[in-house]
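Visitor: Reproduced below are the annotations present in Swiss-Prot:
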- 1-34: transit peptide (TRANSIT)
- LYS275: active site, schiff-base intermediate with substrate (ACT_SITE)
- ARG285, LYS291: 5-aminolevulinate 1 binding site (BINDING)
- GLU307: Mg(2+) binding site (BINDING)
- LYS322: active site, schiff-base intermediate with substrate (ACT_SITE)
- SER348, TYR387: 5-aminolevulinate 2 binding site (BINDING)
Amino acid sequence: MTSSMFRSPCKIPSVKGFEQKSYVGLKAASYNVRVNSFKSSEVASQLQKIDSTLIWPVNALEAPPVPSKPATPLIDQPLQLSRRARRNRKCPTQRAAFQETNISPANFIYPLFIHEGEVDIPITSMPGRYMLGWRHGLIEEVARALDVGVNSVKLYPKVPEALKSPTGEEAFNDNGLIPRTVRLLKDRFPDLVIYTDVNFDEYSTTGHGGIVGEDGVILNDETIHQLRKQAVSQARAGADVVCTSEMLDGRVGAVRAALDAEGFQDVSIMSYSVKYTSSLYGRFRKVQLDKKTYQINPANSREALLEAREDEAEGADILMVKPALPSLDIIRLLKNQTLLPIGACQVSGEYSMIKAAGLLKMIDEEKVMMESLLCIRRAGADLILTYFALQAATKLCGENKRFSSN
């Protein structure tokens, strides 16, 4: 006795569910069984049972019906509203026309880290950011920024340890990294607006924003004497705006007087008037220092306004708030108090949080980036110093091109 089994194409139609619309059932399988003559009726009976089980889907139960879509509730009449705010939001054209706050590449200052070497070094705690070689990498990055309308940059130096000292003399070396870089950029890009940092900590062996006395106290007046010389050196190199970022008393007035005395009346001062002691700073720094004796307590708002008022009286041209997103209330209060332009610094920690969450697919990085910048503008900032400057400006340029092509 011999038998063989082989598969043949199925001729049984597919089974569909309720009204044959949304549900597609299982497709039947079919087999042909060729049975030779058997001497045993019992074997033939078993094969018939096997054959009946191989085509079970044909007799399978239908799938349960798909639930119907809930009907819209019926109302007797619409609400009698004198105003429906949604009318002004019903189409893209109207939403764009009524938008109260706008942002453009002209609002951005692009912070750039530079060092003496030629190779661009990644900053591990800030995805996408680099310590740029001051001659090649920097020039290329500035050119990219200018291509998308970012015409302002701020320079931050990585000073070699061998050049640091307790009193920071390298800060006002006319042949130092910052003056050389400013001259190079002005030669290549004459219309570029260059902001420089009048800041002591990068040049100090202690890392503090001032000369540290024997008792551990920051020496206010002695440090300002050094900052004045630093500001003049930067102005001499061609800086357009010097930024007094150390929260030391009287620094703005002293720097203004020094600049004027040297004939740099047209060089502006952007004062970091409100610089909070924030945990969002300097994730690219190796050492975190306690700077609470000269930076502002994040719990205080009146103190922040007082500092800004004093800087304005001393001759500041722009008032800066740092960090940006945690200080939106301060930006608004300051906007209501002064007629001076206001800057906001979206610091490294703010940048890294958005970048990290974007890389982990927890948020839409681009949308959160643009929303954060728009909120800073809405609060009252005229300028935003942001590591997103190039990325955001590139997106804005793309949107403008799409709009003009339509």
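Each Cβ is built from the backbone N, Cα and C atoms, and glycine gets one as well.
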Visitor: When you rank LYS275, LYS291, TYR387 by Cα distance to LYS322 (active site, schiff-base intermediate with substrate), which of the recorded positions ends up on top as the closest?
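Guide: Comparing Cα positions, the closest of these recorded positions turns out to be LYS275.
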Visitor: Closest of the recorded positions to SER348 (5-aminolevulinate 2 binding site), Cα to Cα, picking from LYS275, LYS291, GLU307?
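Guide: Of all the candidates listed, LYS275 is nearest in space.
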Visitor: Cα of GLU307 (Mg(2+) binding site) to Cα of TYR387 (5-aminolevulinate 2 binding site): how many Å, rounded?
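Guide: One finds 26 Å between the Cα atoms of these residues.
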Visitor: Within 10 Å of the Cβ of LYS322 (active site, schiff-base intermediate with substrate), how many other Cβ atoms can you find? Include all protein chains, please.
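Guide: Taking every protein chain into account, the count is 25.
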Visitor: Across all the protein chains here, work out how many other Cβ atoms are within 10 Å of the Cβ of LYS275 (active site, schiff-base intermediate with substrate).
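Guide: Result for LYS275 (active site, schiff-base intermediate with substrate): 24 other Cβ atoms within 10 Å.
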Visitor: How big is the Cα-to-Cα gap, in Å, between TYR387 (5-aminolevulinate 2 binding site) and LYS291 (5-aminolevulinate 1 binding site)?
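Guide: Roughly 23 Å, rounded to the nearest whole number.
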Visitor: Using DSSP and collapsing to three states, where does TYR387 (5-aminolevulinate 2 binding site) fall: helix, strand or coil?
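Guide: Looking at the DSSP assignment, TYR387 (5-aminolevulinate 2 binding site) belongs to neither helix nor strand, so coil.
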